[in-house]
Amino acid sequence: MKSLSILGSTGSIGLSTLDVVRQHPEKFNVTGLAEGHDINLLAEQIKEFRPDIVSVRDKASAGLLREQLGSEKPEILWGIEGAAAVGAAEGSEMVVSAIVGAAGLVPTVSAIKAGKDIALANKETLVVAGQLVSDLVKEHKVTLLPVDSEHSAIFQSLSGHRKEDIERIILTASGGPFRHTSAEDLRHVGPEKALKHPQWTMGAKITIDSATLMNKGLEVIEAHWLFDMPADKIGVVVHPQSIIHSMVEYIDGCVMAQLGAPDMRAPIAYALAWPERCESGIKKLDLTQIGTLTFEQPDMERFPALRLAFDALKAGQTFPAVLNAANEIAVAAFLDKKIGFTDIPAIADRTMQAHDPYTPSGLDEYLAADRWARDTAKTMTN
């Protein structure tokens, strides 16, 4: 029986994780939950999974949750400190890091320092503070397992192979809903259209990131830290069917790929059960029903966010943290209809150009870069 704490339990990844847990009561139990928005859903999760400790967005939410639960309730905390406490709580062996955005960094670091294995869905943890997190993983001898479908595919395709035999890793991208949309028409895209992803069901922020290709850019940075690969050994190919989740090319010309239906429960189940496997509940793949798999080069002129991510990775220092923070602010402004679709990468670019980079010496300095970028980007969205 593996004990889990889930950071971001009411989000898309959190819900899929609990669905996998629900299928395997003999394998997994939930000791901690943290969420930021949906108190009613969290209350239902608490009643079903009976965790020992939970965290919510703020003190007011904690009061509302206590009222809903009555006398039988777990320890209830709030804020970043509360989520960090859930991540570090005794009793859990693995922490599923699925809080959206840079807000997931501090709780994930807390979990690593407490010696918890990490199932990482929060790519921003590595984008913002990749060097720090990598060093902490080694220091505390924990296992970091990717939950992103692309990185899970690479992890599986690397199994049993030597690093020196790798030619490059290839991340696949669906291309989003606008891969055939002209640059002029992209200027007039609104949130309603951008939130309709052709393959995946995800939360609003990551769906917009997928439409701009920023999500793929952040995944490039994540792959660098997960697999210790330089930028010039990480490629991206558009694969609209989202059946091949990513690939590894070896020096002999052979390519290993992982295929499956586009359902996040598969990489989640793989991370939870590793080094074993367990039933995920996804639809089994039938290639004869799909018929054709196609591939294209990404267009970095129409979708400059991907280029910005490569630039940030190559520049290093605090640039990835700044890119991520500026993008989060711009996406929120787009969803609020304050800016246009093409303004999202433009604001990220302008924020990076205004940044004076430095090499962070600790968590506080990464967070300072994040705050600076948010403040700077906000001035561009008003």
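Cβ coordinates are placed from backbone N, Cα and C, and glycine is handled just like the others.
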Next on the checklist: Of the candidates GLU72, GLU75, GLU219, which one does Swiss-Prot list alongside ASP148, GLU150 as binding Mn(2+)?
Outcome noted: GLU219
Checklist outcome for this item: Residues lining the Mn(2+) site besides ASP148, GLU150, GLU219 (CB within 8 A of their CB center) are LYS123, PRO146, SER149, HIS151, SER152, LEU171, ASN215, LYS216, GLU222, ALA223, SER246
Checklist outcome for this item: GLU219 (1-deoxy-D-xylulose 5-phosphate binding site), Cβ-centred 10 Å count of other Cβ atoms over all protein chains shown, is 30
